[in-house]
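TrEMBL has this to say about the protein:
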| type | residues | note |
| --- | --- | --- |
| TRANSMEM | 26-49 | transmembrane segment |
| DOMAIN | 41-290 | domain 'G-protein coupled receptors family 1 profile' |
| TRANSMEM | 61-82 | transmembrane segment |
| TRANSMEM | 102-120 | transmembrane segment |
| TRANSMEM | 140-162 | transmembrane segment |
| TRANSMEM | 197-216 | transmembrane segment |
| TRANSMEM | 237-260 | transmembrane segment |
| TRANSMEM | 272-292 | transmembrane segment |
Amino acid sequence: MRRENQSSMSQFLLLGLPIPQGQKGLFFTLFLGMYLTTVLGNLLIILLIRLDSHLHTPMYFFLSHLSFTDVCFSSVTVPKMLTNMQTQHLSIPYEGCISQTYFFILFADLDSFLITSMAYDRYVAICHPLQYTTIMSQNVCVMLVAGSWVIASACALLHTLLLARLSFCADHTVPHFFCDLAALLKLSCSDTSLNQLVIFTAGLTAIMLPFLCILVSYGHIGATILRVPSSKGIRKALSTCGSHLSVVTLYYGAIIGLYFLPSSNNSKDNNIIASLMYTVVTPMLNPFIYSLRNKDMKGALRKFLHKKTYYSS
């Protein structure tokens, strides 16, 4: 197969979602509604946390950053996917594809680190309540978020630089709705063993290690809950952790199903569905999970709507 390097290649072709031609209008409307829900819902969470002083706590500090990350995460892939569905313009410039890969990895890793920070916050709040304000100080929260950005940026940059050095075969067709790193490596005519090694190492650092930290945190939380004699204490602990556990299940469940299950079960369509779960569905559901299951968020929303009604009347 003919080889082309990055200097002679100008674009890739994204095949997009395996949708019959006659149903593309329906799916375009569906995914457009999901994307708008993701953006507006997460921006509403950021606004409520900003306006309500009762939500100026470490948990909601992390939640506001998670909401911002979810908006960016969906915006990396969904607008281009919608454009392709509507215009049938499937090409994406080489530079645009490399940039999309960088930002996709950046915000995927950042999501993982922020979810882990929220699990650590819940662990400290339930297992060490008397030391909570000391351990989860403002400086510690800022350092956790800043560290998440630095590590996620470094991982994304490393993957992107290694990808940019590869030569690609004449077939530039990507069987996905975005420039997925694994799909791009399959199109390369170069030796990708170093890329695969970095994917494995970075996957352990950015996905599996945070996931193990979350499991350990909730293991300690579960042990603490079992030592609480009153059912009121159990209900309170579950109410503070239920929303976060829902997000953890959705996010890591899709990623583990996509990248860590046997490859024989991962057909092209299954890969696309799993990718949709953690790039489109999970960011959209987060506002509902944190608002419908969270008493503080529902109270902040009621106050916000009351103020809006008061000033408009």
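We count from 1, first residue shown onward.
Any Cβ shown, glycine's included, is placed from N, Cα and C.
Fewer than three CB pairs closer than 8 A are found between the transmembrane segment (140-162) and the transmembrane segment (272-292), and contact between the two stretches is not assigned (pairs 6 or more residues apart).
Listed by sequence, the residues of this chain that lie at least six past the ends of the transmembrane segment (102-120) yet keep a Cβ under 8 A from its Cβ atoms are 59, 62-63, 65-66, 69-70, 72-73, 76-77, 141, 144-145, 147-149, 151-153, 155-157, 159-160, 178-181, 202, 206-207, 210-211, 213-214, 217-218, 244, 247-248, 251, 278-279.
Counting residues 6+ beyond its ends, the transmembrane segment (26-49) has Cβ neighbours under 8 Å at 17, 19, 55-56, 60-61, 63-64, 67-68, 70-71, 74-75, 78-79, 81-82, 85-86, 280-281, 283-284, 286-288, 290-291, 297, 300-301, 304 in the same chain.
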